[in-house]
Amino acid sequence: MSNIFCFQCQEVAGGKGCTIRGICGKTDKVANLQDLMIYTLKGIAILQEKGLEKGIRFSKANHFMLNGLFMTITNANFDDTVFVEKIKEAIILREEVKKELIDQGVTLGELCDAATFEVKSDSEIFAKADAIEVGVLATENEDVRSLRELIIYGLKGMAAYAEHALNLGKEDEEIYDFIVKALASTLNDALSVDDLVALTLETGKFGVDTMAMLDVANTGAYGNPEITEVNIGVRSNPAILISGHDLKDLEELLEQTKDTGVDVYTHGEMLPAHYYPFFKKYSNFVGNYGNAWWKQNEEFESFNGPILFTTNCIIPPRESYADRVYTTGATGYPGFKYIKDREDGKAKDFSEIIAYAKKLPAPKEIEKGKIVGGFAHAQVFALADKVVEAVKSGAIKKFFVMAGCDGRMKSRNYYTEFAEKLPKDTVILTAGCAKYRYNKLNLGDISGIPRVLDAGQCNDSYSLAVIALKLKEVFELNDINELPIAYNIAWYEQKAVIVLLALLYLGVKNIHLGPTLPAFLSPNVAKVLVENFGIAGIGTVDEDLKMFLG
Ligand code: SF4
Ligand code: SF3
């Protein structure tokens, strides 16, 4: 057993750091391999940065960097063998980049360990992974450590979104150049706390750009989300449950399951796929099964059919369904079957999971009814007159952005109670899996506008920002913070970190973040966020309602 240190998610042990194994289920081995993965990516980034100074870019390294960062997001990949292979690949790639730079006449100068270390066997990889210098605690100054990790976690979220966009053929060199620069900067001891604060805000800027790019990719391929009623009951056919955020995977799965007698249901963050016009043509795309990621143990058991993870959040499975789970993309878990990436522009091959589904019983019904969503920017703009009228007449007094993540902690009941107790003249704007805390409550509507407007996945928080900016324009305000919008956001993993940094970059103030503030914010860094942005935690529902409505 080795020492680990991870504090990247909200469920961190003791609110401080996981030190033996992850509350998420990550073993010490995997935790340290993930640290080494990030360390190796930093080493490659240092080299890439040297190339950028001469206008040399490395497309393969950029794509590798996205995937490598994405794999280390909470609950994405628990497979040590995958990390070992990926680290080997990274070192080969690093040496290729070095050779290319030398061939092009770039002087490499003195390079740090991340850009030069060698490992000759798997056991040397494990030993390197366990070394203190590759992990979070290698940075001794707690404020510098806090900012470096805040940036890294933002980059992880950014990389995940950029990879989904890339899967749909969209990419942006400026985003890659920034990730390279930011990764390299986290090993630069010459940067001051102020430099790192500035880099943190710049991370937010590129977070906005990345979410905008993904929005263009998703809506360009599948149309603009529209108001949709999503069935939460089941039919009697065998079925596949698809989870995560990757819409390209969903498209290929639907294309390959149509006319096979196998139905497809969404789970967790895939629910908003139903809002896109493109997917409505598939008669076997039946509905959404279950709730947010943390309920998967029970819900996968009763689903009966195979489950496909396209992204996080995976939790260690029960034996009853472990053999039915498939992963793809950046995700992995020891013992789960893995569906390979696209090759030569061909679709992924889902034939095995489809054949398996045919042998299994139909899902067991766990609920009945419908949920409504599809309120991304274009749909809300189409309703703009109604919304503006409702605000002007006082029918809507305030909007509450309650986007973000759901999680296991009991304290998250706060969000259900908060939604229930909000006055009837308020509207919740949501995105991400946080919605499952209140999207099945009957909160009614205001002159036909539902009181919970779901824009989509966590990346569609971008839509909420676009809506806020539009309202600012319509009401001719100078500052986004003059709008009657309050932010009460729930976070769990690193995609929420990039969403938060994006909102800060857009100038949003007084965001309340819960159920607890990130453990990776040192007292001084937290102070900067409080003083400059009014970031705060949450209290009790009644106190907070008084404060927000006061
Ligand atoms: Fe702990 Fe979260 Fe890190 Fe898992 S991801 S080891 S739960 S801090
Ligand atoms: Fe995250 Fe697991 Fe919900 Fe996209 S993916 S939001 S927690």
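Any Cβ shown, glycine's included, is placed from N, Cα and C.
Here the structure is a predicted model, which means the values were calculated and not measured.
Sequence annotations record features per position, and here TrEMBL assigns [4Fe-4S] cluster binding site to C6, C9, C18, C24. DSSP classifies C24 ([4Fe-4S] cluster binding site) as coil under the three-state reduction.
DSSP assigns E493 (hybrid [4Fe-2O-2S] cluster binding site) to coil, not to a helix or a strand. As annotated by TrEMBL, hybrid [4Fe-2O-2S] cluster binding site applies to H245, E269, C313, C405, C433, C458, E493, K495.
With a cut-off of 8 Å between CB atoms and residues at least 6 apart in sequence, the same chain places Q10, A292, G432, C433, A434, C458, A490, W491, Y492, E493, K495, A496 near C405 (hybrid [4Fe-2O-2S] cluster binding site), listed in sequence order. If you look up TrEMBL, you'll see C405 marked as cysteine persulfide.
Looking only at Cα atoms, C313 (hybrid [4Fe-2O-2S] cluster binding site) sits nearest to C24 among the binding-site residues C6, C9, C18, C24. Taking the mean position of the Cβ atoms of H245, E269, C313, C405, C433, C458, E493, K495 as the hybrid [4Fe-2O-2S] cluster site, the remaining residues of that chain whose Cβ falls within 8 Å of it are G268, W293, T311, N312, G432, Q457, Y492, A496. Cα-Cα distance from C18 ([4Fe-4S] cluster binding site) to E269 (hybrid [4Fe-2O-2S] cluster binding site): 26 Å (rounded to the nearest whole number). H245 (hybrid [4Fe-2O-2S] cluster binding site) is 19 Å away from C24 ([4Fe-4S] cluster binding site) when you measure Cα to Cα. C9 ([4Fe-4S] cluster binding site) sits 19 Å from H245 (hybrid [4Fe-2O-2S] cluster binding site), taking the CA atoms of both as reference points. Report note: the [4Fe-4S] cluster site is defined by C6, C9, C18, C24, and the residues of the same chain whose CB lies within 8 Å of the CB centroid of those residues, excluding them, are F7, Q8, E11, V12, A13, G22, I23, K26, A31, T74.
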